[in-house]
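Visitor: Starting off with a structure, shown below.
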Amino acid sequence: MTIYTFFLLSGQSVATLLGRLYFDKGGKSKWMGTIVQLIGFPIFLPYYTTPAYKNSASNRIHSKHPSALILVAVYVVLGLLVAANSYMYSVGLQYLPVSTYSLICASQLAFNAFFSYFFNSQKFTPYVVNSLVLLTISSILLVFQTESTDPSKVSKVKYAIGFICTIGASAGYGLVLSLTQFSIQRILKRETFSVVIDMTVYQSLVATCATLVGLFASGEWKGLTKEMNEFELGKVSYVMTLTWTAIGWQVFSIGAVGLIIEVSSLFSNVISVLGLPIIPVLAVIFFHEKMGGVKAISLVLAIWGFISYVYQQYLDHNKSKIENENDKAESELL
């Protein structure tokens, strides 16, 4: 869990900041901003040649597993949803300051909890509801926050578009997490590291194909050479920015799926939200963004909502521990 948490937090922070750097220094293609969130999956292909994967595949042969058609359907549906979410995230990251964008993303926890109620039998308690309300208010406050956006670059209309797309992407991400947990527990019925790699690689493969279609259909590919030549930091920095953004998002994906398997989709999302307050602080340091009053209040509410949820997890853990001890005591008496 510690390793998966580190992957999630580090990948999310690095990829988000580099994604904003791409747009700040001359990047204009929303589809390119989307593709780099998905196309880094080949870095995991060498895993399929390792003894660990071969042993996992051997065990899979001797156990009951879903048909190839069902697996394809699962990966295609999840991959297309990921592609749509990534595009909306790309639009939001282009039009919003990275600190505002990150705080709005905190709303994904509320959406994930809602979908988990239906797909993963998630229970709602006063502390969970309190967490969802605080995170929702935290995001809504930011629609009135525009002073840190450069008016010469982003109009109020584009700011609103960025806000709506980021909210939509957060809702979609919450749905993807719940469906991923549902697929692993009810369809794949295996919780191993190989499943983490398979889910990451095949989802990303489908999503990459979908976004490549969008890139060529939109005609944005024609301007990529000019965009690279005019990138403020130079051609090498352009390539390196996109490369490390792609790697960062794949590291994040490994951490997110790993935590879903180890705990739950909602816990994975909570850790993701935990990392969101880190990004505004880094944005102030590296991008010299302003931390206005509304944004500061939003940050405090987001942290408060996170603490409320973590406290509920603590209560659930203690309750489960007591029940296990009672069951053990009863077994010993029998």
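Just so you know, glycine gets a Cβ as well, placed from its N, Cα and C.
Below are the features listed in TrEMBL for this protein:
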- 31-48: transmembrane segment (TRANSMEM)
- 68-89: transmembrane segment (TRANSMEM)
- 101-120: transmembrane segment (TRANSMEM)
- 127-145: transmembrane segment (TRANSMEM)
- 157-180: transmembrane segment (TRANSMEM)
- 192-217: transmembrane segment (TRANSMEM)
- 237-259: transmembrane segment (TRANSMEM)
- 266-287: transmembrane segment (TRANSMEM)
- 293-311: transmembrane segment (TRANSMEM)
Visitor: Could you check whether the transmembrane segment (31-48) and the transmembrane segment (192-217) come into contact, where contact means at least 3 Cβ pairs under 8 Å with the two residues of each pair 6 or more apart in sequence?
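Guide: Taking Cβ pairs at least 6 residues apart, the transmembrane segment (192-217) and the transmembrane segment (31-48) are in contact, with 3 or more under 8 Å.
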Visitor: Give the nonlocal contacts of the transmembrane segment (101-120) in its own chain as ranges (CB under 8 Å, at least six residues past its ends).
Guide: 16, 20, 92-93, 128, 131-132, 135-136, 138-139, 142, 162-163, 166-167, 169-171, 173-175, 177-179, 181-182, 185, 264-266, 269-270, 272-273, 276-277, 279-280, 283, 295, 298-299, 302, 305-306, 309
Visitor: Could you pull out which residues elsewhere in the chain have a CB under 8 Å from any CB of the transmembrane segment (157-180), counting only those six or more residues past its ends?
Guide: 77-78, 81-82, 84-86, 88-89, 91-96, 101, 104-105, 107-116, 118-120, 139, 142-143, 146, 149, 199, 256-257, 260, 265-266, 268-269
Visitor: I need to check the long-range neighbours of the transmembrane segment (192-217): which residues 6 or more away from its ends have a CB within less than 8 Å of a CB in the stretch?
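Guide: The answer is 29, 31-32, 34-35, 38-41, 44-45, 47-48, 52-53, 56-57, 75-76, 78-80, 82-83, 86-87, 180, 183-184, 250, 253-254, 257-258, 261.
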Visitor: Residues sitting near the transmembrane segment (68-89): Cβ under 8 Å, six or more positions beyond its termini, same chain?
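Guide: Residues 30-31, 34, 37-38, 165-166, 168-169, 172-173, 175-176, 179-180, 183, 187-188, 199, 202-211, 214.
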